[in-house]
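Over in TrEMBL, the protein carries these features:
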TRANSMEM  6-32  transmembrane segment
TRANSMEM  44-68  transmembrane segment
TRANSMEM  88-109  transmembrane segment
TRANSMEM  129-151  transmembrane segment
TRANSMEM  178-204  transmembrane segment
TRANSMEM  232-252  transmembrane segment
TRANSMEM  264-285  transmembrane segment
């Protein structure tokens with residue numbers, strides 16, 4: 001790839017990441033301020049605050065890693081700085097996957113029109129579980145990230161270097177990265193992904209049936225209730241698409257198929273971080289509280305520049 005084109009994709013990646021950092025930071029500031037003011041948050045706001053905070057940190061880590069290693073190209077994964085990044089990378093991605101799954105479950109139990117007794121029981125109990133589910137997701141993700149870090153670094157450094165020499169050691173470690181870790185990450189991330197898919201598909205199906213009934217019961221497409229359900233469907237479908245794309249891109253990224261020396265590395269990084277950068281804006285514009293503060297800030301900024 002030509003230097004100019006590479007610089008363009010690096011700039012595009014930087015702009016996308018900065019937008020995502022700004023959006024996630026906005027969510028954290030607005031909801032964090034409300035938490036400090038009232039001393040409590042609704043279950044939905046708890047998830048949004050937690051998701052925004054961890055995504056904010058994830059994008060900072062991602063930007064730091066990409067630009068540091070583009071300046072100091074490191075081939076071997078046994079290098080401590082690379083391993084340290086992987087520890088944060090696995091932990092933060094696992095946490096954000098779980099938080100998105102709990103967000104979809106909360107939407108499902110609050111909105112879906114399902115009369116099964118199990119669902120009604122979950123609808124009553126789930127909001128009270130949210131703080132513990134968030135804490136449990138962080139703890140589980142941290143333990144798994146430490147285990148992956150230990151397998152890929154400690155065992156490699158303490159055992160294999162003493163047993164094998166040079167190339168054999170590096171080849172074993174490269175094979176481990178190519179085959180073992182993508183499979184391990186696929187298994188680990190498939191659990192929250194399955195929870196997400198089940199809840200989001202139940203909710204989409206419920207909204208779709210409700211919208212269909214309204215359209216066939218003398219409700220026009222311009223009816224406010226019909227429009228609200230249509231907007232909700234669009235939001236959920238976009239949420240589903242971004243979640244699936246994020247999951248697939250991270251699994252592919254774990255295979256190291258596209259290395260930093262590859263011409264398509266920076267376009268690929270744009271794809272990997274696309275969901276983390278775009279989804280916060282979807283959350284903002286589909287949340288009345290966040291949307292209201294956002295437009296107020298825009299009006300203040302506009303008045304400042306006009307003045």
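The chain as shown is numbered from 1 upward.
Backbone N, Cα and C atoms are what each Cβ position is placed from, and that goes for glycine too.
Only residues 6 or more beyond the boundaries of the transmembrane segment (232-252), in the same chain, are considered here, and those with a CB under 8 A from a CB of the stretch are 93, 97, 100, 104, 107, 111, 182, 185-186, 189, 193, 196-197, 200, 203-204, 207-208, 211, 258, 271-272, 274-276, 278-279, 282, 286. Sequence-distant residue pairs (6 or more apart) of the transmembrane segment (6-32) and the transmembrane segment (264-285) include at least 3 whose Cβ atoms are under 8 Å, placing the two stretches in contact. Non-local neighbours of the transmembrane segment (178-204) in the same chain are 90, 93-94, 97-98, 100-101, 104-105, 107-108, 111-112, 114, 137, 144, 148, 151-152, 233, 236-237, 239-240, 243, 247, 250-251, 254-256; each lies 6+ residues outside the stretch with a CB under 8 Å from one of its CB atoms. Contact count against the transmembrane segment (264-285) (Cβ pairs under 8 Å) is highest for 44-68, out of 44-68, 88-109, 129-151.
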